[in-house]
Each structure stands twice: as structure tokens, then as C-alpha cells.
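Accompanying notes for the structure given below.
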Amino acid sequence: MSAFIVLGAQWGDEGKGKMTDYLAQGADVVVRFQGGNNAGHTVEVEDKKYKLHLIPSGILYKNKVNVIGNGVVLDPKAMFEEVEYLKGMGVEVTPENLIVSDRAHLIMPYHRALDGASEKHRGKNDIGTTGKGIGPCYTDKAERSGIRVCDLLHPEVFKEKLKSNLEIKNAIITKVYGMDAFDYNEICEEYLAFGEKLKPFVKDTSVIVYNEIKNGKKVLFEGAQGNLLDIDYGTYPYVTSSNTIGGGVCPGAAIGPTMITSAVGIAKAYTTRVGKGPFPTELLDEMGDRIREAGFEYGVTTGRARRCGWLDTVILKQAARVSGLTSFAMTKIDTLAGIDKVKVCIGYDFNGKTIDYIPASLEDLALCKPIYEEFDGWDESVADARSYDELPLNAKKYLKRIEELTETKISIVSVGPERNHTIEVSDI
């Protein structure tokens, strides 16, 4: 039995798409368990670059089962647009290789409208949402007024729930935000058509995933975003609306914790963040710009420039602790090549006291000053390295120190964007 989690150990954008794609080679099933089409990752295979947002990365392989779990919020329009995009790239998506949970909640047009309107209303206190309707959909889920995929398969149930929701949503949209109301008939027609298209893909994914694990198949659970965007343990309120830590697999895919055998945290060799919120190691100078351009740090979904800084092992230690990580996969080592001195944050100075954890209060985190260790950099390109021994000596010293500081082994090192730019150091 083998069921393992792949998730982001920082603020997202760590290279999960590439690493999930690589690890999916040895998996039979790939499962998304939280988030929605607000996630964005790029996978490069030979001369093609695939940009995925919702469909699991295993779709790029033949004979893999890909699952959109119950913890995902599903925008059916976005899903079928991605299906068509993949077909245009030569990737077939069928009910045989993509299964959608009947319990997943649906993102509705009013969710997207409310997402954008509430963000605009916040003004300078905006969160930095992608505007995809993720948060409002999870809000309805928590309020128990959400509409699920299974409702689409029962048109009369869907119509009644849509009518009830629209009465409230239209009141908010028109009276609070001064926007035009949504038309019931238009949404009804559009979504019932989606229901017909979705029907062949819809199953009870919990039963399928459970049986696959029980029968000895390898199941990979693919996280979206990153540990510090977790709704409970991230840098709240600048977080996403779901549980992105390892434990989120259990409710998001409906399996028990004892079925998980390992968890791999994906981390860049430096740190990036999109949007607002404290960022202790952020570099607001030429070095930050250099890392951004060398690593092409711009969002797949939004195109926004990412904030860049030195590696923060306080963040990685927290990820290892709260997600039960058994190893790290380090990406973007190649981006640091050519830098004379490389720094790593080993702790924070908080009002004169050294701490090695992330305070819950953002006001306290903003007062934390990074305590650095400095390392000699490496001029050699690492792109041609295909084994750990072929890496530059200083790069290996850098990675070894990360293992010591986080008390977690590094199982994989990525030296470039393509599948073959991957070095397996140990078993995951």
C-alpha cells in the first residue's frame, strides 16, 4: 500500500506542478483534494509547456486515473475550458482518466462576482484573491447553502437550490455592491448543460480512491497553493480558503490518516510570495530583482510578479511539523547559480528574542527580523547535473545545511524546468 502527499511548503508557486508530474510517473492515481482553478502550475515536457489550473498533473500520462476530490471547489466552465486546452495540446481527457467527486461544491457565476466585488470593497485592505470565486464558494459550503456536483444530476433539486441562493445573492449584489442581478434562467440553462457534460465523469471518488489504495495501487495526492496559505495555519487573512497542509487530504479526499505513507514538501531554494502580508526575508533590492528574473517569478494564473527573498528555514520547519513531511523536494537550485554569497534564514529576532516559529499575529510577524547564515555561492551551471554527486560542492553544502536546520531529509533536487532536470537523492 502506498499513498503519498505532494504539497507546497512555502507560499505556493514552489514547483509542485513539475514535481507532481515527475512523481506521477510511478503513481497509478493522482488526486486533487482542495482548492480550485485558482491554482496554477506549469509542466514542461520536451518542447511543450502545459499550464494547468484544475485538472491533476497526472493527466499528461497515459493510463493514469486522475481524481478531482470532494474538497475541491469546481468551476465546470473552467474545467471544460481546460479539457479543450489539453485536447488542443494533444492530451485526451475522458471519463476513463478523469473522475470528478459527486460531493465537490460548484463555483457559480455569483461567486465570481462576489469575489471581485468584495475585494474591490476592501480597498487598501484587499487580500489579493485571484477573483475565481473560490472563497465565496467555500463560504457557502460552510454555511451549508452550497450547490454540489450531485445536485446537477438532479435538475429539480438544482433548480430549487439555485432559486434559494439567487434570492440572497442578488440582494447582496444589487443592494450592497450596486451591480446587476443575475438571471435565474440563464444560469439554470448554462449549468444544467454543464451537468449533462459532467455526468459521465462523476462518481463517488472516496470509494474509488480507498479501493485503489487497498488493492496496492500507488496514489499521489496533489496539493495546491502552499502551507503558509492554509486557512488555519497560514499567514491569515492573506491565505486561501481551504486546508493546504498535509492533514487537508483526509477531509478533501475522504480517506483516513492511517492510509498515508509519506508526505513530500516542495520548496524553492529561495522564497517567493504573491500578494500582501509580512515576508521576513523579502529582498527589495537588485538581488530580489535578479532572483525574480532568473527564476521567471510571475504567476501562472494571474501573471503577477512574485515577491522574492532568501530561503527561510523557519517556514520549512513549520511545514515539516504541521504537515508531517517525510522529505523535501528542493526546486530552482539553478536560479541561485552565479550568486557570490547565498543567505539562509535560520531564525527570527523578535523584539530582541530569538524565535524559530511563525507568530500567529501578522503584527508580530512584521516585527520579526531574519537571522541569516551566509554561504559561498556556486558559479557552475547545475542544469546538466543528473546525480547528486555532479552538483557543485557549495550547492551540496547548501542543501546539507537545509536538511540539518529543518531536521528533514531532501529526497529530490530539481535543477531545471523539465522532467529530466530532476535528481533523486533518496526514496520519498
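Every residue, even glycine, has its Cβ placed from backbone N, Cα and C.
What Swiss-Prot says about this one:
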- 12-18, 40-42, R306, 332-334, 414-416: GTP binding site (BINDING)
- D13: active site, proton acceptor (ACT_SITE)
- D13, G40: Mg(2+) binding site (BINDING)
- D13, E14, G15, K16, N38, A39, G40, H41, T130, R144, Q225, T240, R304: IMP binding site (BINDING)
- H41: active site, proton donor (ACT_SITE)
- V300, T301, T302, G303, R304, A305, R306: substrate binding site (BINDING)
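Mapped onto this structure are the features recorded in Swiss-Prot.
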{"residue": "G12", "record": "GTP binding site", "Cβ within 10 Å": "29"}
{"residue": "D13", "record": "active site, proton acceptor", "Cβ within 10 Å": "28"}
{"residue": "K18", "record": "GTP binding site", "Cβ within 10 Å": "26"}
{"residue": "G40", "record": "Mg(2+) binding site", "Cβ within 10 Å": "19"}
{"residue": "H41", "record": "active site, proton donor", "Cβ within 10 Å": "24"}
{"residue": "T42", "record": "GTP binding site", "Cβ within 10 Å": "16"}
{"residue": "T130", "record": "IMP binding site", "Cβ within 10 Å": "23"}
{"residue": "R306", "record": "substrate binding site", "Cβ within 10 Å": "21"}
{"residue": "I333", "record": "GTP binding site", "Cβ within 10 Å": "25"}
{"residue": "V415", "record": "GTP binding site", "Cβ within 10 Å": "25"}
If you pair up every Cα among D13, E14, G15, K16, N38, A39, G40, H41, T130, R144, Q225, T240, R304, the residues annotated as binding IMP, what's the maximum separation in angstrom, rounded to an integer?
34
Check the Cα distances from K18 (GTP binding site) to each of the recorded positions N38, H41, Q225, G303, A305 and keep only the ones within 10 Å.
H41
Give me the long-range Cβ neighbours of G15 (GTP binding site): same chain, 6+ apart, Cβ under 8 Å, in sequence order.
H41, I266, K268, A329, T331, K332, S414
If I take the alpha carbons of V415 (GTP binding site) and D13 (active site, proton acceptor), what is the distance between them in whole Å?
16
Helix, strand or coil at the residue listed as 'active site, proton donor', per DSSP?
strand
Take the C-alpha atoms of I333 (GTP binding site) and G303 (substrate binding site) and report the distance between them in angstrom, rounded.
22
Cα-to-Cα gap, G12 (GTP binding site) vs Q225 (IMP binding site), nearest whole Å:
4
How many other Cβ atoms are found within 10 Å of the Cβ atom of G303 (substrate binding site), counting all protein chains shown?
8
A305 (substrate binding site), number of other Cβ atoms within 10 Å:
14
